[in-house]
DNA sequence: ATCCTACAATAGACAATGTCTAAGTCAAGT
DNA sequence: ACTTGACTTAGACATTGTCTATTGTAGGAT
C-alpha cells in the first residue's frame, strides 16, 4: 500500500503516529498538496497534529529525497511524493490544476557549456503553463 | 538609456515620479530583484514611495508584459525586465544567484500531444539548479 | 495659467505562508 | 520498565503580499 511509508521506515526513521499520517496523506501518484492541505487532511485522522509537525515532516521528507517540493505559482509550495520517476509539471493558470508530464529529450543536455557559467548543475525543473480543458470550456 | 521607461511611456501610461523610479531601478539586463529589493532601491531616490505602490507598479508592468515574474525559490517573487528576449534561468541553490541562460531547442516542442491532456499551453519555464563557481570554491 | 477629475499614491491594517522556541511527550533500545 | 534523545505542541514571530480609505496629482479642458 504505502510505498512512501515503507521507504521511510527503511531509512531508520523513528515512526510516530504523526509521521505515519503525513506519509499516508501524501501517498499516491498525481498528488500535489500544499502544506496546509496536508495538515487539513491529517487533522481528520489525527485531530491533535500541529502545523509545525506537518511542516517539519514535509521538510524531512524533502531532505531525504522522498518527496519533491514544487513552487508552481509563487504562492504555497506543493509537495509531490512521485520523487523516484523523473517528471515535469503542467499547470493550469486559471484553476491551478497540476498534471505530471514526461517531455521527450533531456532538458539538461539542451544547455550548452558556454551557457553554464561554471555552475555545477544538479537538476532541471520544467513548468508548462496553460489552460486546462474544463477551464477553457467555461471561459 | 531606459528602454523599459520608453516602452511604458509609449503605452499611454500616466507617468509619475514613483513609476519612473521603479522603472529605472528595474532597467538593465540580468536584473532579478524581489519587490522589497526594488522598494529599498527606490526609497534611496524617492524616500516617500510606499510598498503598496511598488507592488502595484510591478504588477502593472507584469500585466503589460514588460516585466516577467520569476518564482525561483518559493520565497519572494523576482522581477525580470528582460521580457522581450526569451530566456530561462540558472539558479545557485546556495547563494541564490540567478543568471539568464539560453538553452538550445524549444522545450515546448518536447511535450508530445499525448502528454498535454487537452491543455492549451501558452508558455514554458525552465529552471536549472546547481551551485555557482564562487559557492563551490567556498564549500 | 488655472481648474477638474479620474487615476495614482499613501499608511497601515489584514491575510497567507512559513519559521522558531520553550516545554511537554513518547518511541525504542537496554 | 526505565531512560534518553528525538519528536510534538501551541503559539509567538517573521516574511511576503493584498486591500481599503484617504489624500495627492498628472494631464486634459477651459
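Backbone N, Cα and C atoms are what each Cβ position is placed from, and that goes for glycine too.
Small disclaimer: the values here were computed from a predicted structure and weren't measured.
Quick look at what TrEMBL annotates:
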| type | residues | note |
| --- | --- | --- |
| BINDING | B:92, B:95, B:132, B:135 | Zn(2+) binding site |
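Cβ neighbours of residue B:135 (Zn(2+) binding site) (same chain, under 8 Å, six or more residues apart in sequence): B:92, B:94, B:95, B:97.
Residue B:95 (Zn(2+) binding site) carries neither a helix nor a strand DSSP state and counts as coil. It is B:95, among the binding-site residues B:92, B:95, B:132, whose Cβ has the fewest other Cβ atoms within 10 Å in the structure shown. Mapped onto three states, the DSSP output places residue B:135 (Zn(2+) binding site) in helix.
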